[in-house]
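Trainee: Pasting a structure below so you can have a look.
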Amino acid sequence: MSKAITDVFYTAFKTALPLTSSPLVQCITNEITVESMANALLYIDAKPVMADDQREFPEFFAQSDALLLNLGHISEVRQQNLLAAGKFAQATNQPTVIDLVGVSATQLRYDLGHQLLVNHPNVVKGNISEMRRFADLKSTGRGVDGSQLDQSVTALGELAASLQQLTQAFPTTTFLATGKIDLVVSAKGTWYLKNGVPQLDRFTGTGDIVGALIAALLGTGLDNDAAVVVAVSYFNCCGEVAAAQNRTGGLAAFREGTLNQLSLLAATADWLQMVKGEAL
């Protein structure tokens with residue numbers, strides 16, 4: 001029998017948000033969503049720094065509490081910076097999130113993702129189609145978007161099994177595949193998260209923001225699984241509230257409402273009652 005996600009991670013849900021400290025999150029990311037990610041971190045009272053020059057790594061790593069590596073915009077220089085940061089994080093025990101943006105689209109990103117995995121990051125995430133490609137399963141994703149064809153019950157179970165195999169080689173890494181149902185897999189278990197609304201797929205940067213939120217929670221000392229489950233659930237609940245308040249507005253208003261809720265929802269005592277998900 002499955003167990004409710006809020007029962008499994010009860011303490012984390014009760015204490016993680018609002019933040020009681022302001023973790024500094026170093027983000028090596030893309031130009032498309034960098035402003036959204038920085039503001040999302042500020043909205044939850046974390047602190048962002050978008051520093052991707054290797055020459056500054058020793059000083060920034062000495063100050064930061066977590067690292068986010070996002071593959072959203074690749075160049076030769078950025079690839080080298082991502083690889084260098086991954087190694088630096090492993091050497092300094094910096095909590096790290098790898099966001100596999102576009103890994104289902106090109107061989108270069110697939111190879112880079114696996115190079116970064118060798119450093120045993122805390123979290124590796126992507127949409128369902130990206131994570132299927134990363135796990136060497138057939139993926140029907142196009143560009144950086146996930147495909148509905150990859151989100152059937154059978155496909156989700158297949159991906160869960162493949163990611164569980166990956167945890168045998170990387171037991172300290174938690175894997176997240178986002179979609180209509182979000183899949184979280186680690187050496188400790190498998191969880192389905194079931195919040196969210198379709199509109200979240202219709203403005204750019206939602207996955208990037210989730211990666212930043214996970215990194216912030218890791219920076220407070222939360223363990224990998226709890227950081228992933230709380231961050232994903234919180235962001236999806238923000239989207240649900242925004243959708244309920246924006247029944248006649250367009251997507252731009254929905255986007256603004258979702259981002260507004262990042263700074264508001266955690267102060268609502270009953271937001272935990274919104275959370276839906278289960279342990280398998």
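One is the number of the first residue shown, and numbering goes on along the chain from there.
Backbone N, Cα and C atoms are what each Cβ position is placed from, and that goes for glycine too.
The shown structure was predicted, so the numbers you read here are calculated from the model rather than taken from an experiment.
In case it helps, Swiss-Prot gives these features for our protein:
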BINDING   Met50, Gly205  substrate binding site
BINDING   Lys125, Thr178  ATP binding site
Trainee: Can you tell me the CA-to-CA distance separating Met50 (substrate binding site) and Thr178 (ATP binding site), as a whole number of Å?
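Mentor: Cα of Met50 (substrate binding site) to Cα of Thr178 (ATP binding site) measures 24 Å after rounding.
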Trainee: What does the structure give for the C-alpha distance between Gly205 (substrate binding site) and Thr178 (ATP binding site)? Integer Å is fine.
Mentor: 13
Trainee: Take the Cβ of Thr178 (ATP binding site) and count every other Cβ within 10 Å, whichever protein chain it belongs to.
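Mentor: That number is 26.
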Trainee: Count the Cβ atoms, other than its own, that fall within 10 Å of the Cβ of Lys125 (ATP binding site), considering every protein chain shown.
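Mentor: Around Lys125 (ATP binding site), other Cβ atoms within 10 Å: 30.
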Trainee: Please state whether DSSP places Lys125 (ATP binding site) in a helix, a strand or coil.
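Mentor: Where Lys125 (ATP binding site) sits, the three-state DSSP reduction gives strand.
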